[in-house]
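Structure, as structure tokens:
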Amino acid sequence: MSKSTAEIRQAFLDFFHSKGHQVVASSSLVPHNDPTLLFTNAGMNQFKDVFLGLDKRNYSRATTSQRCVRAGGKHNDLENVGYTARHHTFFEMLGNFSFGDYFKHDAIQFAWELLTSEKWFALPKERLWVTVYESDDEAYEIWEKEVGIPRERIIRIGDNKGAPYASDNFWQMGDTGPCGPCTEIFYDHGDHIWGGPPGSPEEDGDRYIEIWNIVFMQFNRQADGTMEPLPKPSVDTGMGLERIAAVLQHVNSNYDIDLFRTLIQAVAKVTGATDLSNKSLRVIADHIRSCAFLIADGVMPSNENRGYVLRRIIRRAVRHGNMLGAKETFFYKLVGPLIDVMGSAGEDLKRQQAQVEQVLKTEEEQFARTLERGLALLDEELAKLSGDTLDGETAFRLYDTYGFPVDLTADVCRERNIKVDEAGFEAAMEEQRRRAREASGFGADYNAMIRVDSASEFKGYDHLELNGKVTALFVDGKAVDAINAGQEAVVVLDQTPFYAESGGQVGDKGELKGANFSFAVEDTQKYGQAIGHIGKLAAGSLKVGDAVQADVDEARRARIRLNHSATHLMHAALRQVLGTHVSQKGSLVNDKVLRFDFSHNEAMKPEEIRAVEDLVNTQIRRNLPIETNIMDLEAAKAKGAMALFGEKYDERVRVLSMGDFSTELCGGTHASRTGDIGLFRIISESGTAAGVRRIEAVTGEGAIATVHADSDRLSEVAHLLKGDSNNLADKVRSVLERTRQLEKELQQLKEQAAAQESANLSSKAIDVNGVKLLVSELSGVEPKMLRTMVDDLKNQLGSTIIVLATVVEGKVSLIAGVSKDVTDRVKAGELIGMVAQQVGGKGGGRPDMAQAGGTDAAALPAALASVKGWVSAKLQ
């Protein structure tokens, strides 16, 4: 009996756990602290700093089932999804990793045992082929002599990409950094399927499918291209769960595995489709996975960066649902079936199900309003098309007006064998594309980063000053032995009370000092396991090995502690007032303010803001104890501790509790009791992206200062209105009513003046072929009065063409009016466009009335003078 996808995932993890590997949970799809990467796209992403020597773990062997997304940037599979057997936007990468522990021998033996042992995957040995890098004799011999694979099934792959080490079988993290040869394992589906072994001209066929890639990181590539052997070689492997499931379930397409069969049936049910072979079902089944998990990991649909990629995927799915005949919103209904089919890998998603469904539903409803009109416009353009390519300008117009991503337009065109001029589209939309598509590789030169082998012990929970020793100094990213007065540097100590920026809390400031020197610390940051004090040596000199006294700015730290504790109280209060869908999406805690981003689909009502504020202040008055406990991560989650979005946690974590009101994982610094906070006030609530709100708040002395400021403003307003704070609202209402009355009277006077001006103007009209033409520049007339004047003049003049202009603060306002009986010969929109072009502007409107603006007031007289000749030509 074949294993289910969930069973295969668990078997992989169980196998490597039995081989001494730590089972590590999948990291977020949003890479932590890695601006070089759009989405997590491989199992090794969360271990990148470990491989680079910037981070240390308490284990040297790990195994994961990592959620990955490839859509956008270098790894863009979107346009192929649904049309091929193995392309996905979302997939799970099974992997095992060695950080300086085992190397080639064990890595290969582990892979062979898992794949072929009757206890595990039990694949026929004769169906497995392998490739190795051309010069990797060690791997070749292990496969041949120890594993026993015949030579004809071991293929050496050289530099097949046009440069040294540019090979399918040589992996590198970037232009510099860790790299090394890899060996890949292929499964032969049999001669009933077309295709040849890897390295052959027919390798693109579907007969031989790569199922596992094992990378041997044994070199550090320098900027000049030289390869230095790594002191502790490592192993990074990746096997696509969906691919190995297809092999083990004896199907040739990933979309035929149990997971996708179930999802496809769910898609058919919510869309009303009956043909289960329809490619649109595959597209939607794939896309619900990437969309749901991206939203669960904090990405919201938007027009920038990750949010734009998410929006593209959602809209592509909705369009395919439209093709299947879906009559109402359907996409969000697939979140439940997805959770069911993902098993243990869907637990994070289940906790946020309501929020994910709401975001998908809202986005689909917004897009549905324009989808029909956009498709109609595209159909119209395709009907007019004489060749086989849609121009880029039309593709851009569809994006700009209807929100059609270009790949959605390309999808529609592809079904009709029509290409899209993507170069033309890119030219029209270069800036948007630059923002939306970030580089997706490991492009940063990590050799230039500060790398510290030593670790710093943080003692700032209990101390604000202590003595330490300088273990490293860096100037401009380079290690030095000493610094002198006036130099900016990063100072690393063996132990420190300074808190390094983490979890939204800013780094400490303060001073490092000794008998003959003073170093002003302006920021504190982490460098792997070391803590770096960033600042400037104010006096004296400092060298590695010197003893220092480290003093944190105590008053600043105290204000930060209050703000951080208030952030936890507010998070819990938001979940009580708004609902448990609220989860933290980001935060900033400094000594002046706390800023908190959270998931919520609409602006908070004033009464909700007040309720949160009151609830937090109630907890402050309760003077709850703030306690910390160190425990296992799983135990903390079982206790209900909330985790911070985007943070990485060790297996042992710090749990912060405030009585019975709040429990969160947190490594920051906090007050001793909630009463220390004193007072909490929300000063703003706003939106930052679709489905994400932001609150800014102040505490303690800062909150009291805002109370005083509000009181002072009220007193000032009361004084200006000659009242007091008790009757202030009545006074304001009275002033507003008087203002409205005066504005009404002023408007009446303006209309009377305009009517009089119109009467005076009518006598200036001239006759052009039986039509009255009036062209005039007016001074002292508001632009919005021009329309009223044109209406009056049309009533007075009968068959007429009118052009009026006025200049206010250097800006030209134009209006053209044409009586109905003349619009067959002269259209107001064309006339105003001709005039506006001459004054550096543009405009438009109906055939009988059109408006425009311009910036070149000096050109106005000549532009108005050109009207008579233009009109005369039209009326001939």
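Don't overthink the numbers, they just go from 1 along the chain as shown.
Positions of Cβ are set from backbone N, Cα and C atoms, glycine also.
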Message = If I look at Swiss-Prot, which residue among Lys74, Lys361, Lys384 would I find recorded as N6-acetyllysine?
response = Lys74
Query = Does anything in the same chain, at least 6 positions from His564 (Zn(2+) binding site), have a Cβ under 8 Å from its Cβ, and if so what?
reply = Gln505, Val589, Leu594, Cys666, Gly668, Thr669, His670
Inquiry  = I need the neighbours of the Zn(2+) site defined by His564, His568, Cys666, His670. Which other residues of that chain put their C-beta within 8 angstroms of the C-beta centroid, in sequence order?
reply    = Arg561, Ser565, Thr567, Ile626, Leu656, Glu664, Gly668, Thr669
Request  = According to DSSP, folded down to helix, strand and coil, what is His564 (Zn(2+) binding site)?
outcome  = helix
Query = Average pLDDT across the region 'Important for oligomerization' (699-808)?
reply = 85
